[in-house]
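What follows is a short report on a single structure.
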Amino acid sequence: MARLQLEGLSKRYNEFYAARDIHLDVAEGEMLVLLGPSGCGKTTTLRMIAGFVEPSEGVIRIGGEDVTWHPPWKRSTGLVFQNYALFPHLTVARNLAFGLEMRRVEKSEIDRRVHDALAMVRLDHLADRLPRQLSGGQQQRVALARALVVRPDVLLLDEPLSNLDAKLREEVRIEIRALQQRLGITTVMVTHDQEEALSMADRLVVMKEGEVRQIGSQQELYERPVDRFVASFVGRSSFLRGRLADGILRTEGGLEVRCSDGPNGPAAVAIRPERVTVAREAPSAENVFPGEVEHVSYLGGSIDVRVRLSPKDVVVAQMPNVEGGWLPQAGDRVHAGWSASAKAFADTETEEGTAQVS
Amino acid sequence: MSDAGAGGRADRPSTLFSASTLIGPATLLVAIGILAPMLFLARYSLNLYDPRLLMIEAFSPANYIAFFSDPFYLGVFFTTLRVSFVCTAVCIVLGFPLAYLLARTGSRMKNLMIIGIVIPLFVGNAVRAAGWMTFFGSRGLLSVTLMDLGLRDGPTEIMFTETAVIIGIIAVNLPYMVLTLQSVLEGIDRNLEEAAFSLGAPPWTMFRRVLWPLALPGIAAGTILCFILAMNAYATPVLLGGPQFRMMAPMVYNQFQLNNWPLAAALAFILMATTLGLTVVAGLMTRQSFRG
Ligand SMILES: Nc1ncnc2c1ncn2[C@@H]1O[C@H](COP(=O)(O)OP(=O)(O)OP(=O)(O)O)[C@@H](O)[C@H]1O
Ligand SMILES: [Mg+2]
């Protein structure tokens, strides 16, 4: 257990930065989750911490010690692979014993710690099985136990849940988090599943194209995203695009939207679906526009309503599914309303036109 | 496992039928092409030789007794074993790193390297041995180079020595070893190596504890293949070893030429039985250590 610091860490392949100038400070016992789209450099960052990728620049510190140039076997990091990477020729117990044997722990001590670690993931009855005789979920827990049994300073998880089915994933998610908190182990996890990230992290790091875009708690990222990318990646947003002047965004479709102040010029305002009210009569809100329901998705717990406000502007509302409540239909004339606290961002990035909620 | 398989097949008898149809011709070919000559040989090896009558029908172990009591034959036998063991060992030591490199490099380089390894196999053993002759001779490339570099005063004579034969056989066998090992190493997930590293194993320990045991089936296959090829080498020992150097396969042929078919048959059988015996032992040993 130790503090983990990355200082200006970069990885360059020729001219291409897989990771660029990454600064992270993970407190002792904290769980940090790296979140970002495919190819943004999450795995590269994690593998630099584990020692499998040599950084082009920067420093890695574990417990204050500079380990940037230590080989993987001299770092106290426990790595859990996406495909678990259990040794197929060794039983579950011998898989767990491997790391302890490398540390020259006494035989009786090894037996005891292996047993405890297996009990911790509730697999003590499977100690003598070979990995191929286990289910995916069981293999996952063995991999976790194998990484933890050596009591590493830092636990590294690379998409540890992506090979599990949806139901199991939720279960293991809670289990890993509980274990991590009980052991108080400094952890860095990588995922591109935002629900996973939000439910497990102490703090999140949103990455894009090798760079860190924002670091913060769930609430900070959700309520105060620093840019349009973070707003679209953490939680859902509909974007209305136009020109911003003095807190008012004039969309191409002719709407005038009150929003949080932002830089004057081309901008987009991000509107969270659950903050939009849809009603037949105009609701009381700072922004209210008439529109036509384009599409209704009945999701059970909530109802997504897509409302066209102008030929160019669409907003999505997430309505709670209230018993006996009104259910809009496609084609209904309605009003959509939301507050002026919706965030506006400079609209420089073009590719995020696709990030609109559908 | 076999139960489940049998149950599955019972549901679809057509599979069974088509399988036997497919295996049939090969089985027949093996039976006629290999088994029949072996039976003849086995029978011949128990006959007696007479310089005038050539082969006399008999049921006598005389040829085998002659072999095991004659220091000359035993000498040839042990030379063959020694050469085969050395060649196989060197092939493992040289082949493993090469195979590992092949298994772990990117696609473009890899294809080139595989071609480089396979190309020598297009050249027959005899032609290749002839090439080595020009290299090994006292006025050959090796000798001249050593003298030019001042490493040796006089000419170096490797030609017609056991060393020349061993080098020659290694050159023939190495590609087989490399290709066998490569296919097995490729099947070993790279993450397993990294998992071992991150658990604190330095490279040599990782190799011993993870790579080697997982590659063992391939190492066994490559070793057996290499050993069989070395035991039965013919062209290389004849051409590079010269008239004074003898190994089993050329000696079998010599006896046939001398029309001593019974002894030739006995020699062939001893060669085959030894090879087979050691192969089985090697197989059992790897299976044992794979379990343990
Ligand atoms: N050895 C390499 N040589 C060249 N480029 C590489 C190498 N390894 C990774 N990259 C590139 O670096 C970028 C980041 O890769 P990385 O594996 O870190 O992404 P990731 O965020 O883990 O993505 P995913 O969610 O798909 O796993 C990618 O564009 C990838 O193509
Ligand atoms: Mg990745």
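Cβ coordinates come from backbone N, Cα and C, glycine included.
For reference, TrEMBL has these:
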- B:77-282: domain 'ABC transmembrane type-1' (DOMAIN)
- B:22-41: transmembrane segment (TRANSMEM)
- B:80-102: transmembrane segment (TRANSMEM)
- B:114-138: transmembrane segment (TRANSMEM)
- B:158-181: transmembrane segment (TRANSMEM)
- B:214-240: transmembrane segment (TRANSMEM)
- B:260-285: transmembrane segment (TRANSMEM)
Note = Counting only residues at least 6 beyond its ends, the same-chain positions whose CB falls under 8 A of a CB in the transmembrane segment (B:214-240) are 80-81, 83-85, 87-88, 91-92, 95-96, 124-126, 129-130, 132-133, 136, 159-160, 164-165, 167-169, 172-173, 176-177, 180-181, 183-185, 188, 192, 246-250, 253, 271, 274-275, 278-279, 282-283, 286, 289-290
Ask   = Which listed range (B:22-41, B:80-102, B:114-138, B:260-285) shows the maximal number of Cβ pairs under 8 Å with respect to the transmembrane segment (B:158-181)?
value = B:80-102
Ask   = So which residues does the transmembrane segment (B:22-41) touch in its own chain, when a touch means Cβ under 8 Å and the partner is 6 or more beyond its ends?
value = 265, 268-269
